[in-house]
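Under the heading domain 'F-BAR', Swiss-Prot lists 1-260, citing sequence analysis as support. As annotated by Swiss-Prot, phosphoserine applies to Ser64, Ser67, Ser408, Ser411, Ser716. What Swiss-Prot lists as coiled coil is 125-169, 324-368, and the listing cites sequence analysis. For Tyr261, Tyr713, the entry in Swiss-Prot reads phosphotyrosine. Per Swiss-Prot, the feature region 'Disordered' maps to 394-421. Per Swiss-Prot, compositional bias 'Basic and acidic residues' is recorded for 403-419. According to Swiss-Prot, the feature phosphothreonine maps to Thr421. According to Swiss-Prot, the domain 'SH2' annotation covers 460-549, on the basis of sequence analysis. Annotation source Swiss-Prot lists domain 'Protein kinase' at 561-822, citing sequence analysis. Annotation comment: Swiss-Prot describes Ile567, Gly568, Arg569, Gly570, Asn571, Phe572, Gly573, Glu574, Val575, Lys590 as ATP binding site. Swiss-Prot lists Asp683 with the feature active site, proton acceptor, giving sequence analysis as the kind of evidence.
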Amino acid sequence: MGFSSELCSPQGHGVLQQMQEAELRLLEGMRKWMAQRVKSDREYAGLLHHMSLQDSGGQSRAISPDSPISQSWAEITSQTEGLSRLLRQHAEDLNSGPLSKLSLLIRERQQLRKTYSEQWQQLQQELTKTHSQDIEKLKSQYRALARDSAQAKRKYQEASKDKDRDKAKDKYVRSLWKLFAHHNRYVLGVRAAQLHHQHHHQLLLPGLLRSLQDLHEEMACILKEILQEYLEISSLVQDEVVAIHREMAAAAARIQPEAEYQGFLRQYGSAPDVPPCVTFDESLLEEGEPLEPGELQLNELTVESVQHTLTSVTDELAVATEMVFRRQEMVTQLQQELRNEEENTHPRERVQLLGKRQVLQEALQGLQVALCSQAKLQAQQELLQTKLEHLGPGEPPPVLLLQDDRHSTSSSEQEREGGRTPTLEILKSHISGIFRPKFSLPPPLQLIPEVQKPLHEQLWYHGAIPRAEVAELLVHSGDFLVRESQGKQEYVLSVLWDGLPRHFIIQSLDNLYRLEGEGFPSIPLLIDHLLSTQQPLTKKSGVVLHRAVPKDKWVLNHEDLVLGEQIGRGNFGEVFSGRLRADNTLVAVKSCRETLPPDLKAKFLQEARILKQYSHPNIVRLIGVCTQKQPIYIVMELVQGGDFLTFLRTEGARLRVKTLLQMVGDAAAGMEYLESKCCIHRDLAARNCLVTEKNVLKISDFGMSREEADGVYAASGGLRQVPVKWTAPEALNYGRYSSESDVWSFGILLWETFSLGASPYPNLSNQQTREFVEKGGRLPCPELCPDAVFRLMEQCWAYEPGQRPSFSTIYQELQSIRKRHR
């Protein structure tokens, strides 16, 4: 019988919180009691000492020194002074021993209450999101797509004219693709919800409650030892007091930590309230296609998306596995440290280890959460991998209706498709972008005058920076900044004057801020007055403000942003639209998941560190970073046209070749600039370029980029995250990245552009692509591609890096081709 089996229900959580509050009140009462005992012992010892001093004033010397009374009294007064010292020592021992330990125990108990409440709430929120909200959203979308598919099917079957039938067929194919893809997402979501449900009720929640009970029992054991130590120190030798203390000692000895909560559990324990596990809702199939419930659909429409999903899930599983490994190492290390410290710690000092025990329990809980995430991804990977392995090297099965239509295709159409990507392949590569979602933006904000903005938004306010750092920031006489005093709740105006930094404390009285003379309702108004009037800060100093020293322009507060809706997802987290509160600038906000390990968060910030140094019209602009608290944000300009790959697939049919030449010229200009800065992008592709509303292309996604003085970067760690079909042979074989390897990727980007967003090597796996390229194979010329551009592609794909053109040459060549093209 324990917390994990008897208190899994929400009612159990409530009574646990009530119990924690009651125990904290009890501990506070004990602390006040002990503090009063220390105070009374000190006062009593002081009175005895004062009596001894009074007697030493000579009253006893009136009697002969040889008098027995005099000697007895002298001994009495001497022993009284000894008793005074003993009582004073007892009081100090009580204060530094039991009372200090009890205060530490109370702080740890308060922290445990807070940590438990936060972890319980987080587990419930994650369960509700995975098990209810996400599933309901997927089901709602499923029903809508099923209705659309059924309607498109009826229109297709009812169409009589060839033109109408072809148009209805296209719509039906698109609806089928979307339905099958969403069916797969729903299957994966149901599997993830099932695993999360199982882990929550069998591992996560019981583990949390088991950890809580272990810590409570450990605290009960520590409290027992504190009380025993208190009674030993405060015990006196009188028979009456000894009897009382024996009773109290017996009461303290009756404390049994392992049985402390048995009565509580008998009174409040209840059966676990486990809701039914989610299952595939077969009613979703009533209006749509005859799909198998709980089974992935793998056919010619979904094979690419299933392969991509498997790659994505495999990457996420690798990150999750790494997280499990790290947390297992952390738990093992903490357990070993705790064992070593227990061996070297006196039993009465166990309270000193309580903080580490809580850290260990939190690490164990974190390990269970990581194992749950790993299990969900493992289950999804197995579903996807089993389906693809069952397919084998053969072609994916056709959709029955499309197979019938394919038999009726005329021989002339087949000849027209010879040497080109099949119509179905083009359809699949274009269809993902046909219904590109349009995202909304947060509304404009009312702009606030600079002087009316709060203190933390002022450019000259630097927060709690060290005083030593101020001297480095103040360069010229009259330079100033405002900072928060370290260790004190007051603000300081620091100014460089006559070669020395001067620091003036800003006085605050009656909600007015001043140095000398007139007061102002805010510090920004005070600084504005001193700047505009050039009034000396104080008559004695004669210091005048001249120039504000701004803080690092890249540092933003989370409060500086107004987040809009999610517009995408990256390797590290979600991407949102947003605005800057200061001037309504539209921004894109990349977030970093809080659960990522520190090394991955450092890789996330690598993009910002690189972009800080660059300014070019064809490089996406960095606006700032938010690192003051979690989650970490990278704030960049919002390029509203979206990514280049989706743009090609949705708008490509109406684009002229000259426009495409202008856009790849933009890409070449941006890469020429990066080449001049010795920056290696390593992930150049259409998906990582952005398009403005005026069709200007910008290079983006610098998460894999590196800056090397010699222009060569040697990578290690395998190919898990390498985009194989875009990567040069020397980078795949030897991990050698350079501007020349970026040139190879640029050749693939050219091919993507003039094939209007088709996938390179569409019928080859990553390994087959590597073997094909090593044997001298290259992509064919796209239908829309000018011959001069294809020759440039072939130069970019030279096997030897030294034989590839530089980006400067590529840019000049594209400009020349564009001028010649009509």
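Just so you know, glycine gets a Cβ as well, placed from its N, Cα and C.
Here the CA atom of the residue listed as 'active site, proton acceptor' lies 16 Å from the CA atom of Arg569 (ATP binding site). Nonlocal intrachain contacts for the coiled coil (324-368), taken as residues 6+ away from its ends with a CB within less than 8 angstroms of a stretch CB, comprise 101, 104-105, 108, 111-112, 115, 119, 199, 203-204, 207-208, 211-212, 214-215, 218-219, 221-222, 225-226, 229, 374, 597. Cα-Cα distance from Val575 (ATP binding site) to Asp683 (active site, proton acceptor): 18 Å (rounded to the nearest whole number). As a whole number, the greatest separation of Cα atoms within the ATP-binding residue list Ile567, Gly568, Arg569, Gly570, Asn571, Phe572, Gly573, Glu574, Val575, Lys590 is 14 Å. A separation of roughly 21 Å, to the nearest angstrom, links the Cα atoms of Ile567 (ATP binding site) and Asp683 (active site, proton acceptor). Of the recorded residues, Asp683 (active site, proton acceptor) and Gly573 (ATP binding site) place their C-alpha atoms 18 Å from one another. Most other Cβ atoms within 10 A: among the binding-site residues Ile567, Val575, that distinction falls to Ile567. Cβ proximity to the ATP site centre (mean Cβ of Ile567, Gly568, Arg569, Gly570, Asn571, Phe572, Gly573, Glu574, Val575, Lys590, cutoff 8 Å) flags the following additional same-chain residues: Ser591. In the three-state DSSP assignment, the secondary structure recorded for the residue listed as 'active site, proton acceptor' is coil. Each residue of the domain 'SH2' (460-549) gets a DSSP state, and the totals for helix, strand and coil are 18 helix, 29 strand, 43 coil. In the three-state DSSP classification, Val575 (ATP binding site) falls within a strand.
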